[in-house]
Amino acid sequence: MRILSANRSSRSTTNATKSSTSTPVSSKQEETGCADCSSSRTEGRQGFWQKVKDRYPLVDFNSLPEYLRDNEFILSHYRADWPLKETLLSIFSIHNETLNIWTHLIGFFLFLGLTIYTKTMREDFGKFMAPLMRKPATRWPFFIFLGGAMFCLLTSSTCHLLCCHSSRLSYILWRLDYAGIAAMIATSFFPPVYYTFLCHPKWRNFYLTGISVVGVMTVMVTLTPRLQKPKYRTLRTLLFFGMGVSGVIPGVHKLISHSHEPVTLTTTTYELFMGMFYAVGAIFYATRIPERWRPGRFDIAGHSHQIFHILVVAGAYTHYRAALLYIEWRDTHGCD
Ligand SMILES: [Zn+2]
């Protein structure tokens, strides 16, 4: 596999070099007297990647050091023990983590954009919607959730990019990744619980304190070294799954105590969709479908972890839409 990768890349470079030498000289290049500038820059870039490919070829599963052996159904296109610079730059090259990095990096920028949008546009909307003499509902629980989502997506993306550098960095980043997932689940409770139980501070504080304590405990469990081995994957998945499912309790409470409010039905529908996205994502994550059916077929695109990532972003976005409904409701419906 190592030899195959090197041969393929040297062939593509030869073809690319041929095409660059046959490119006609543009009038701008003639004006500046620098006809070879763009082709030499292109060759420089290709030269860099060629050196990287020669010195650090992508390897197959059997050549991996122990700390990178995680999914035996992904057979090839691994980076292993790369220096930090090459590892960082590999964000722009094709390997079996490329889509894992970008699915959550794009998700991070999506939520960054939503945070800016909510802070600017929605703030004015709240002031407009809130009746005279009443302040719009506070936004901090909403931003807690957006912060948790961005932290989760960014740590995940960073982890997938840099974990191949060394076992030590891999160990630290995987812990951060799990901490990010726990943070996103815990902070997701804040908008629905805060706005639903705005006028019932005892229940509000009970649920928010409860999920904060459980979130911190989950992070501590994920930091325990002996629970990080691949054989504990299902246990870890169940732990996070259980934390998410505990959201059913305040959800049912809302359905009972606020059954007369139209917003109850709409937000619950969004929350059911969110739960479905996360649950299906967790199933893909744990079962490693579809790559277990055809090992090696989904190394670059289509393997379970990429599907899991996309479903996580979809679930978080659905939750964002539900949280907007809560805010609109509380901008117009206070406690008096
Ligand atoms: Zn991931």
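Even glycines carry a Cβ here, placed using N, Cα and C.
Heads up, TrEMBL stuff is auto-annotated, nobody curated it.
In this structure, H305 (Zn(2+) binding site) is part of a helix by DSSP. For H305 (Zn(2+) binding site), the Cβ neighbour count at a 10 Å cut-off comes to 22, with all displayed protein chains included. The annotation Zn(2+) binding site is assigned in TrEMBL to H160, H305, H309.
Look at TrEMBL and you will find 1-27 tagged as compositional bias 'Low complexity'.
Feature annotation from TrEMBL assigns region 'Disordered' to 1-42.
Residues or ranges marked as transmembrane segment by TrEMBL: 99-120 (among others).
Long-range Cβ contacts of the transmembrane segment (140-164) within its own chain (Cβ-Cβ under 8 Å, at least 6 residues beyond either end) map to 68, 78-82, 84, 87-88, 90-91, 97, 100-102, 104-105, 107-108, 111-112, 114-115, 118-119, 170, 173-174, 176-177, 179-181, 183-184, 186-188, 190-191, 193-195, 309, 312-313, 316, 319-320, 323, 327. Annotation comment: TrEMBL describes 140-164 (among others) as transmembrane segment.
As annotated by TrEMBL, transmembrane segment applies to 176-194 (among others). Long-range Cβ contacts of the transmembrane segment (176-194) within its own chain (Cβ-Cβ under 8 Å, at least 6 residues beyond either end) map to 141-142, 144-145, 147-149, 151-156, 158-159, 204, 207-208, 211-212, 214-215, 218-219, 222-223, 236, 240, 243-244, 247, 250-251, 254, 267, 271, 316, 319, 322-323, 326-327.
According to TrEMBL, the feature transmembrane segment maps to 206-225 (among others). Tertiary neighbourhood of the transmembrane segment (206-225): same-chain residues 171, 175, 178-179, 182-183, 185-186, 189-190, 193-194, 197, 236, 239-240, 243, 246, 249-250, selected by CB-CB distance under 8 Å and a gap of 6+ residues from either end.
Under the heading transmembrane segment, TrEMBL lists 237-256 (among others).
Nonlocal intrachain contacts for the transmembrane segment (268-286), taken as residues 6+ away from its ends with a CB within less than 8 angstroms of a stretch CB, comprise 192, 233-234, 237, 240-241, 244-245, 247, 251, 254-255, 304-305, 307-309, 311-312, 314-316, 318-319, 321-322, 325. TrEMBL lists 268-286 (among others) with the feature transmembrane segment.
Among the features that TrEMBL reports, transmembrane segment is placed at 307-327 (among others).
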Sequence-remote partners of the transmembrane segment (307-327) [C-beta within less than 8 Å, at least six residues beyond its ends]: 99-100, 103-104, 106-107, 110-111, 114, 118, 122, 126, 137, 139, 142, 145-146, 149, 152-153, 156, 184, 188, 191-192, 195-196, 263, 266-267, 270-271, 273-275, 277-278, 280-282, 284-285
For the transmembrane segment (237-256), distant same-chain residues with Cβ under 8 A (at least six beyond the ends): 181-182, 185-186, 188-189, 192-193, 196-197, 203, 207, 211, 214-215, 218, 221-222, 264, 267-268, 271, 275, 278-279, 282, 285-286
Cβ neighbours of H309 (Zn(2+) binding site) where a neighbour is any other Cβ within 10 Å: 25
Spatial neighbours of H160 (Zn(2+) binding site) that are distant in sequence (at least 6 apart) but have CB under 8 A: E97, N100, I101, H104
